[in-house]
Amino acid sequence: MPASDTSRAGVVAALTAYGLWGLVPLYWRLIQGAGPLEVLAHRVVWSLVLGVLLILLIARRRWRRQLASPRTLFTLAVAAIIITSNWGIYIWAVTNGRITETALGYYINPLLSILVGVLLLHERLAPVQWIAIGLATVAVVVITFGYGRLPWVALLLATTFAVYGVIKKRATVEPVVSFGYESAIAVLPALAFLLWLSSRGESHFGRQPLGQDLLLIGGGVVTAIPLLAFAFAAQRIPLSLLGITQYVAPTIQFVLGVALFAEPMPLARWIGFVLVWAALLLITGHAVWRARHRGRRVPTTG
């Protein structure tokens, strides 16, 4: 495939991934009756089923070699705990009228990822990146005063996803294999919880309209498709371009929360979001400039 076609396919895949992640609140809001923990447990179980099928179809025998290292297994186990927590917080927030707060979390995630890189990986930041982090900090303070409380959903989503990203960098495993193994780590607590619900007569699965059961099962598909599209994109377009497309998801979530679900947006919250958007413009502009600057300095051969 020509380079231009490969790049174009990568952009389409990235937009597909982030577009689906942005629209997924609509999916979780369709589920009635089942609480966030039950929805999360089903998401884990059906993600594992789909993950095993994908490994058999795509990774085949390679997964044994990739999971042979105890260090890799431990790293992915920690990643599984963190991403499952992220899923749970997200589902709870969406089903409790906090979609705009989830958008805030994924807006500030790139900024928090930069900060995590400084704290854990001892990376050095440019002045513009420190300014962006400062703006985001002021935004959180402003929104806290506007809410009368910390926007803990946004902070937890951003923190868990940033730490998850750092951990995943330490494990060189195919996305499909990682997805299946992480689901396997979380599946025992998920199954135990579902069995406990069933023993108490509180399980909704199989006791509600078929459409609702299919929505619970479909949680695995909703989880896997954007993840695989993202993995496809990450191999075909520059990280700077991938970084820009990541803002599609929280933007869609923000529009859904404000325009469709009419979540309140007092002045303090607007100010906070504007500050975050300004911070993102700074780091995105800096990332694009740096990528172009490096490109000009690469010598040609032949």
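A Cβ is built for glycine as well, from the same backbone N, Cα and C atoms used for every other residue.
What TrEMBL records for this protein:
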type	residues	note
TRANSMEM	9-28	transmembrane segment
DOMAIN	9-144	domain 'EamA'
TRANSMEM	40-59	transmembrane segment
TRANSMEM	71-92	transmembrane segment
TRANSMEM	104-121	transmembrane segment
TRANSMEM	128-145	transmembrane segment
TRANSMEM	151-167	transmembrane segment
DOMAIN	153-284	domain 'EamA'
TRANSMEM	179-199	transmembrane segment
TRANSMEM	214-234	transmembrane segment
TRANSMEM	241-261	transmembrane segment
TRANSMEM	267-289	transmembrane segment
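Taken residue by residue, the domain 'EamA' (153-284) breaks down under DSSP into 105 helix, 0 strand, 27 coil.
By the Cβ criterion (under 8 Å, sequence separation of 6 or more), the transmembrane segment (71-92) is in contact with the transmembrane segment (40-59), since 3+ such pairs are found.
Beyond the transmembrane segment (40-59), the same-chain residues lying 6 or more positions past its ends with a Cβ under 8 Å from any Cβ of the stretch are 34, 66, 84, 87-88, 91, 174, 176-177, 179-181, 183-184, 186-187, 190-191, 193-194, 205, 216-224, 228.
Per-residue pLDDT, averaged along the domain 'EamA' (153-284), amounts to 88 for this model. Only residues 6 or more beyond the boundaries of the transmembrane segment (267-289), in the same chain, are considered here, and those with a CB under 8 A from a CB of the stretch are 100, 104, 107-108, 110-111, 114, 126, 128-129, 131-133, 135-136, 138-140, 142-143, 145-147, 240, 243-244, 247, 254.
Tertiary neighbourhood of the transmembrane segment (214-234): same-chain residues 9-11, 13-14, 16-18, 20-21, 24, 27, 30-31, 34, 38-39, 42-43, 45-51, 54, 87, 174-176, 179, 204-205, 242, 245, selected by CB-CB distance under 8 Å and a gap of 6+ residues from either end. Non-local neighbours of the transmembrane segment (151-167) in the same chain are 75, 78-79, 82-83, 85-86, 89-90, 92-93, 98, 101-102, 104-106, 108-109, 111-113, 115-117, 120-121, 140, 143-144; each lies 6+ residues outside the stretch with a CB under 8 Å from one of its CB atoms. Within the same chain, residues 11, 14-15, 18-19, 21-23, 25-26, 29, 97-100, 102-107, 110, 233-234, 273, 280, 284, 287-288 sit at least 6 positions outside the transmembrane segment (241-261) and bring their C-beta atoms closer than 8 Å to a C-beta of that stretch.
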